[in-house]
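J.: Here you go, one structure.
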Ligand SMILES: NC(=O)C1=CN([C@@H]2O[C@H](COP(=O)(O)OP(=O)(O)OC[C@H]3O[C@@H](n4cnc5c(N)ncnc54)[C@H](O)[C@@H]3O)[C@@H](O)[C@H]2O)C=CC1
Ligand SMILES: O=C(CO)COP(=O)(O)O
């Protein structure tokens with residue numbers, strides 16, 4: 001017989017080993033700082049700021065009608081929310097509203113009748129203020145320009161639930177999405193923002209294949225609302241409080257997916273791919289730790305979960321870019337014909353900068369991916385160089401912990 005799962009866990013477990021705050025703690029009691037990674041401390045959680053609890057029949061605006069935006073529109077439309085899917089292409093809007101089909105993504109799929117396409121102009125303030133939820137499914141490199149326009153449309157005292165699903169780091173600034181939001185819309189909006197990340201190919205969600213994701217925010221109530229909005233028997237949401245670690249995980253795994261694809265494209269087999277995944281995870285954790293994220297976050301769905309998924313499937317655009325490079329195609333041709341964004345290509349540039357700024361020395365895979373993408377190094381040479389590296393310890397976390405995260409948290413007043 002199975003044991004009951006309703007028994008109260010020991011106090012230490014209920015509080016968590018990570019310094020979680022209890023509601024009963026008096027303000028004079030010292031905070032239980034058992035864990036030093038800046039971005040993880042849950043006492044930084046903020047009060048809820050968005051206007052409603054979006055349980056059912058919420059009005060949801062999805063910005064970006066690509067693979068993932070369309071898929072999430074379908075997921076929410078399917079759960080009886082009223083979804084407005086913004087596309088910047090007029091023909092996509094017209095085709096969708098006359099056929100309930102998307103002309104570019106999943107063209108054979110009939111989408112939920114609860115979805116209406118809007119665009120090509122960005123919705124105005126009046127429209128946005130009627131929304132309970134605004135979800136951004138816009139590639140990272142284009143997010144800033146859209147937020148700059150949308151900022152004036154947000155009523156800061158009555159924000160909709162704001163959700164971001166992009167997985168990348170901005171070129172030129174090395175900014176995470178949190179910083180892009182803070183720069184364009186202010187720190188209060190950044191603190192309220194929620195991030196969804198994890199192993200979740202769009203087309204599999206539409207086919208209702210069991211899927212799990214991380215849902216994180218500095219504002220606990222906003223993460224809970226987002227999880228409640230998305231949670232379904234085929235779609236599990238696990239909440240958390242390390243948006244910096246989750247963002248880094250989602251962005252970095254794309255770079256290692258390119259490396260895994262290169263290896264497969266060159267004809268290497270399972271051992272090599274497993275090596276890249278595992279050493280990739282070690283590199284991701286080093287970069288994340290140096291940044292100030294919790295190393296534990298990299299062991300979660302957004303970290304190893306998504307790394308494993310994208311490094312081992314040709315459904316991944318990033319893996320596909322790597323594989324085609326390994327087979328000898330040119331990057332320009334691959335990007336022109338891919339038909340969809342591969343965030344790892346731009347993120348590889350930002351990661352290179354970040355590695356330098358953080359002084360992280362042991363990221364040879366990320367360095368080789370950059371050199372193949374941007375310096376004309378052949379994939380064969382990259383692999384040979386990796387195999388000829390001197391022997392080293394398997395795991396060494398960097399000694400300097402947390403500067404960029406501390407700076408960001410200070411800026412957010414957390
Ligand atoms: N496809 C997937 O399975 C998943 C994707 N993601 C992430 O979601 C984000 C979006 O990915 P996809 O929808 O798959 O990409 P996609 O390439 O299929 O679609 C991108 C969308 O962005 C729009 N867009 C392009 N330039 C724009 C601009 N300047 N301003 C506004 N919109 C613009 C395009 O019109 C298109 O609708 C990426 O960061 C990706 O890493 C996350 C999880 C899963
Ligand atoms: O992030 C993804 C699934 O979790 C999608 O990966 P690609 O962008 O490589 O297709």
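Yeah, the Cβs are placed from backbone N, Cα and C, and that goes for glycine too.
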J.: Select one of 202, 257, 259: the residue that TrEMBL places in the NAD(+) site alongside 64, 65, 66, 67, 68, 69, 142, 317.
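T.: Candidate in the recorded NAD(+) site: 202.
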J.: Given that TrEMBL lists 317, 318 as binding substrate, which residue among 156, 158, 167 does it place in the same site?
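T.: Candidate in the recorded substrate site: 167.
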J.: Out of the recorded positions I have (64, 66, 142, 253, 318), which ones have their Cβ sitting under 6 Å from ligand 1?
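T.: Those recorded positions that pass the cut-off, since their Cβ is under 6 Å from ligand 1, are 64, 66, 142.
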J.: Quick test of your reading of the structure: among the binding-site residues 64, 66, 68, 317, 318, whose CB sits under 6 A from ligand 2?
T.: 317, 318
J.: What's the CA to CA span in angstrom from residue 317 (NAD(+) binding site) over to residue 253 (active site, proton acceptor)?
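T.: Checking the Cα atoms of residue 317 (NAD(+) binding site) and residue 253 (active site, proton acceptor) gives a distance of 12 Å.
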J.: Would you mind sorting out which of 66, 142, 253 (the recorded positions) have a C-alpha within 10 A of the one on residue 167 (substrate binding site)?
T.: 253
J.: Cβ within 8 Å of the substrate site centroid (167, 317, 318 excluded): which residues?
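T.: Neighbours within 8 Å of the Cβ centroid, excluding 167, 317, 318: 254, 257, 310, 316, 319, 341, 342, 343, 344.
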J.: Looking only at 167, 317, which of these binding-site residues has the biggest number of Cβ atoms within 10 Å around its Cβ?
T.: 167
